[in-house]
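Database features (TrEMBL):
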- C:12-99: domain 'NAD(P)H-quinone oxidoreductase subunit 2 N-terminal' (DOMAIN)
- C:129-424: domain 'NADH:quinone oxidoreductase/Mrp antiporter transmembrane' (DOMAIN)
- C:15-35: transmembrane segment (TRANSMEM)
- C:42-61: transmembrane segment (TRANSMEM)
- C:81-102: transmembrane segment (TRANSMEM)
- C:109-126: transmembrane segment (TRANSMEM)
- C:164-186: transmembrane segment (TRANSMEM)
- C:206-225: transmembrane segment (TRANSMEM)
- C:278-299: transmembrane segment (TRANSMEM)
- C:306-324: transmembrane segment (TRANSMEM)
- C:330-354: transmembrane segment (TRANSMEM)
- C:375-397: transmembrane segment (TRANSMEM)
- C:409-430: transmembrane segment (TRANSMEM)
- C:466-486: transmembrane segment (TRANSMEM)
Amino acid sequence: MEAIYQYAWLVPVLPLVGAMLVGLGLISFNQVTNRARQLNAVFVVSLLGAAMFLSVALLVSQFQGHAPYIRTLEWAAAGNFHLTMGYTIDHLTALMLVIVTTVAFLVMVYTDGYMAHDPGYVRFYAYLSLFSSSMLGLVVSPNIVQIYIFWELVGMCSYLLVGFWYDRQAAADACQKAFVTNRVGDFGLLLGILGLYWATGSFEFEAIGDRLQILVETGSLSGLLAGLFAILVFLGPVAKSAQFPLHVWLPDAMEGPTPISALIHAATMVAAGVFLIARMYPVFEGIPAAMNVIAFTGAFTAFLGATIAITQNDIKKGLAYSTISQLGYMVMAMGVGAYSAGLFHLMTHAYFKAMLFLGSGSVIHGMEAVVGHDPALAQDMRMMGGLRKFMPITAITFLIGTLAISGIPPFAGFWSKDEILGSAFAANPFLWFVGWATAGITAFYMFRMYFSTFEGKFRGNQSEIRQKLKSAAANTLMSPSPLAPNFGPGAMDTRELAALSDDSHGHGHSEHPHESPRTMTLPLIALAIPSILIGLVGTPYANYFEEFIYPPSETLAEVMEKVAEFDQTEFFIMAGSSVGISLIGITLASLMYLFGKIDPAAIASSIKPLYELSLNKWYFDDIYHRFFVLGSRRLARQVMEVDYRVVDGAVNLTGFFTLISGEGLKYLENGRAQFYALIVFGAVLGLVIVFGVT
Amino acid sequence: MYDFEDKFRNMQLQYFLLLAAALFCIGIYGLITSRNAVRVLMSIELLLNAVNLNLMAFSSYLDPLEIKGQVFTVFVITVAAAEAAVGLAIILAIYRNRDTVDMEQFNLLKW
Amino acid sequence: MDFANLVDQLNAGTILPEGIVLTTLMVIVVGDLIVGRSASRWIPYTAIAGLLAAVVALYLQWNNPNPISFLGAFNSDDLSIVFRGIIALSTAVTILMSIRYIEQSGTALAEFIGIMLTATLGGMFLSGASELVTIFISLETLSISSYLMTGYTKRDPRSNEAALKYLLIGASSTGVFLYGVSLLYGLSGGETQLSAIASAIADANLSQSLGLVISLVFVIAGVAFKISAAPFHQWTPDVYEGSPTPVVAFLSVGSKAAGFALAIRLMNSAFPLLIDEWQFVFTALAVLSMVLGNVVALAQTSMKRMLAYSSIGQAGFVMIGLIAGTEAGYASMIFYLLVYLFMNLGAFTCLILFTLRTGTDQISEYSGLYQKDPLLTLCLSICLLSLGGIPPLAGFFGKIYLFWAGWQAGQYGLVLLGLVTTVVSIYYYIRVVRMMVVKEPQEMSDAVKNYPEVQWNLPGMRPLQVGLVLTLVATSLAGILSNPLFTLANSSIARTTTLQPIVISSHFSATVPAENSALQTQQ
């Protein structure tokens, strides 16, 4: 048993090796590597598979009660400053390892089908592998510095992958938006880490928490400051887990290929924020103000995401807002102290949301056969409908995911969501109410999505809708000028692009969408199983999950006691009410989109302001654009005008002076050896004189 | 004979050092002002000989038993010969390519 | 039996690594003589094998309980072992990159490698030399071989000129150095061993005499020439520009490391009483080097010349560790030199590769290289960014350690200047990276437009590739996994006894000048 712990470092290293080898191959033998597509894919996938088996073994061993394992080695030591790095395997880590590796494994298998025609196929696998490695590294980190390093790496992979189709203007913009938004959060996180180190002198989670507690109690650190640090740290998760107000990047990030959306922007990376909160729980726990901030941020985000998701027509955007909403649930759970409930939801959500995204990818893949490679058409639900006939497997799995996210028992989402709502009710009924209402909205928009995609009749060949969407897409683009392929860093060459457009011609314009290839449907089926069943490990009757995952400040006995306190009637009331509102949502959705009894357009026009509010994403993008982008531009211009001569002048002068002095000093090298010798002797003489005088 | 050696001993160490210093300065002057590359090499020999003089003087006044300075001098002379050989070889090579040994002409590499 | 006795008495086992290098040298020279031209196929690999064997022998001598050998002329303590290792490794990597270059320039490879091994031998002996004659001889072995290598492409007038300049400046600074040494010999009353000199000076209470200060300044001038510290740097850009690029690589790493080894040993063993004075001189040199090197590098158009100025600036950074004078300071020097070995040699390997393929080394000709040769671009970018000290790379940790040690030792001004000049240096390193990466296809330079197809199977290209990948991996990994290097640097300092007295003597010298000034006021 010890052996698997000693080799646990292989879990993040194996995918890294894969990424490195494939990357090196791409750099040095580009054509050969690109030709051996499947070979590369099999190599990368099998390495990740090995990591997955190791993770499962670790989870089993942890579940059997093996003590947490930490192995560190000194990374940099100078004087009394020690920085260690290594890995730690405890319950939380083991769980996360299994989640990440299984989802990543399935997504990689899926990618083979989805990216089959893409010229960047091999590059995509290299990035995916690099991402998996960074994410696994983040999960096993024993201290906050290492987490931060991997946090940035994970972010970097995310930008690389969002901008994977960098020749699309939207993808490039989205990548930039994600970068800037995350920078805000990461900066807060870094400040928080440094502040906590300054206060406690430690980078270890438990030590920070304990010492902070003592410092605050003895009064040597004001509670205000401790709260500030905690909230600064929380800014990191806010950005990464797309919480209000930094949620704006996530929907745009859906410009990336769908497997990325599934793996990074639904199942794993965005959950890293929640994971960090869990890791830093010893810190947050002792600061009620911080906990409140976390809880209310989460609740508001959950509501916000759900309300926006109602009106989205792009299938991936809709799922993105639903992800934001679900992440809000998790964060709220963390904030109200429902540690294990939050992580439980993280796990169930990872599986069903990955499945939903992969399903949407499968739909898009099928639609592309009809409408061609145009994201404005292929992803729009108004073009879909009736797809169940053409792609039954996708439809069934998507329905399972929809049921799971809507909280219908016995699907996975029900148990986790119910646990969160129960804890929220105990903490603050208002939070419960928000969560409860959100659950209803969730059920409504998810079924709206399902019905308009898979039921009814196929609308993909109606040219008037297509025309309308095309013109709408053209209008929304700020600059409707034809997109000139941008050859920046990392650019493919033109031949590849030509190959891409050839593809779309040869591939599109068939009458009906088709079911996706087996490499894509198999992962869907595989993910459907946990989406149905995984919730059963955390039923209130036999809550194995809570026995396994509990806050570091509690002992197993306390947890068992709590679990034993379970009240049957209370559970039925809570569960009943949340299932009830879900059912109301589903009924509403079916009336509107399945049977057409209620005309959604009529409702929309009757509550136009609200509809517009939702459709325009609560105007966040516009507000940010106006306030931050334009505002900062205006401010910058004013500052520039005022300080034009002072600051700019000074900076320019320094730079100018440096350059000029460089230019000037270089003429001291006049190329004459004897002049050089003169300087040597002169310098010696000068130094002697200096000493002679002093 | 004895008389001479006595006189030699009575000569103070400073004179030798001053002579060496003067030789060193002449060497520097020649090194900096000569236009002919061979003369520059010769000036370097002057520098080294000034050092030899220094070493010999110290050796006989301060270290007459182990005469480490004299040994040092032998090494310096040997190395100086090697250096001069390499220097002349380089000057020969440059003369073949450029047909001149004028130091003023050697400024292809500058700035 | 007699010979064995002699070996035992002299403790000659300590120079086993040098013996290995010497044997390799003989094998190469004789083998080339017997076999002729065709020998150039195996000669470089023999040389590399010999150098690696020497490194292994050095490793086996680690923590030698009895390091003093040859009656005190050679000291094989851990400090010298690290430096000798750096020099041997730098030669090994340099040979990897020189094979193709020398063959393409149409000169004989065996002789070149022979001279380079001689220079290595000189450098290795210099790192351990603790007696004036030994120091002089090994210094000259290194220098004269370097002059020969600089002028090795003898049909190229630029190479000739570089060699002549190097020789003249080198010889005159040797003259200055020797003059200082001769004064030291006299002032110490006829001692040539460094430790004996120090104690003789202390006994004679000479620490304030002008003669000693003169000899100190003269000696430092010789050392500063080797490490190309401003204002003794002026040969550097010209020589770097004119000489064959592999030679430059060796000069910038191996030769410089030997210079630093000499500086540490000489200053600590011979001048412990003048610590304030030599620290002052080196501070002046460091300030000038950092400012001049980094500022003038901004105005360069040739890549080799820019790297020359950058190496002057880097020498300035390394001197901070020397000036700090603490154990951490010396350890940081060693750490930085180890890191510098890989990143600088990596940069030069890329340079050679680019020159071989395009025939130019103008910075502007690099524009748009990314689209033609991503591997070269990646390596050069990583090495340059590491030289600039960009975080996850090795150079960053090296700089941080140097600055930290300097700060601990109270050299606040120097460290701040170091930080400012680092920012300046990042500017010119990034300029090259940006030139290579961000350019649009239409901005591609002519050299890159006509870039030949990348072929690694030409003779001599494989070793170049190996060197490239090796340095790249070392540069990128040494940052993240820096602890073994840290430990190596720290333990080599901690176990070196000659560096210990400095701690005592610095306290000592703090009190002595007070007494001396009291004496002077009485006079």
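Each Cβ is built from the backbone N, Cα and C atoms, and glycine gets one as well.
A mean pLDDT of 91 is what the model gives for the domain 'NAD(P)H-quinone oxidoreductase subunit 2 N-terminal' (C:12-99). Across the domain 'NAD(P)H-quinone oxidoreductase subunit 2 N-terminal' (C:12-99), DSSP assigns 72 helix, 4 strand, 12 coil. Stretch with the most C-beta contacts under 8 angstroms to the transmembrane segment (C:409-430), considering only C:81-102, C:206-225, C:306-324, C:330-354, C:375-397: C:306-324. Tertiary neighbourhood of the transmembrane segment (C:330-354): same-chain residues 79, 82-83, 86, 89-90, 93-94, 96-97, 100-101, 245-246, 248-249, 252-253, 256-257, 260, 264, 303-304, 307, 311, 314, 317-318, 321-322, 324, 360-361, 366, 369, 376, 379-380, 382-384, 386-387, 393-395, 397-399, 401-402, 404-405, 464, 467-468, 471-472, 474-475, 478, 482, 485-486, 488-490, 492-493, 499, selected by CB-CB distance under 8 Å and a gap of 6+ residues from either end. Touching of the transmembrane segment (C:81-102) and the transmembrane segment (C:466-486) is concluded from the presence of at least three CB pairs under 8 A, sequence neighbours closer than 6 excluded.
For the transmembrane segment (C:466-486), the residues of the chain that approach it from at least six positions outside its boundaries are 93, 96-97, 331, 335, 338-339, 342-343, 345-346, 349-350, 353, 375-376, 378-379, 382-383, 386, 391-397, 401, judged by C-beta separation under 8 angstroms. Panel annotation: around the transmembrane segment (C:15-35), residues 42-43, 46-47, 49-51, 53-55, 57-58, 61, 69-70, 74, 76, 84, 88, 108, 110-111, 113-114, 117-118, 120-121, 124-125, 128 of the same chain, lying at least six beyond its termini, place a Cβ under 8 Å from a Cβ of the stretch.
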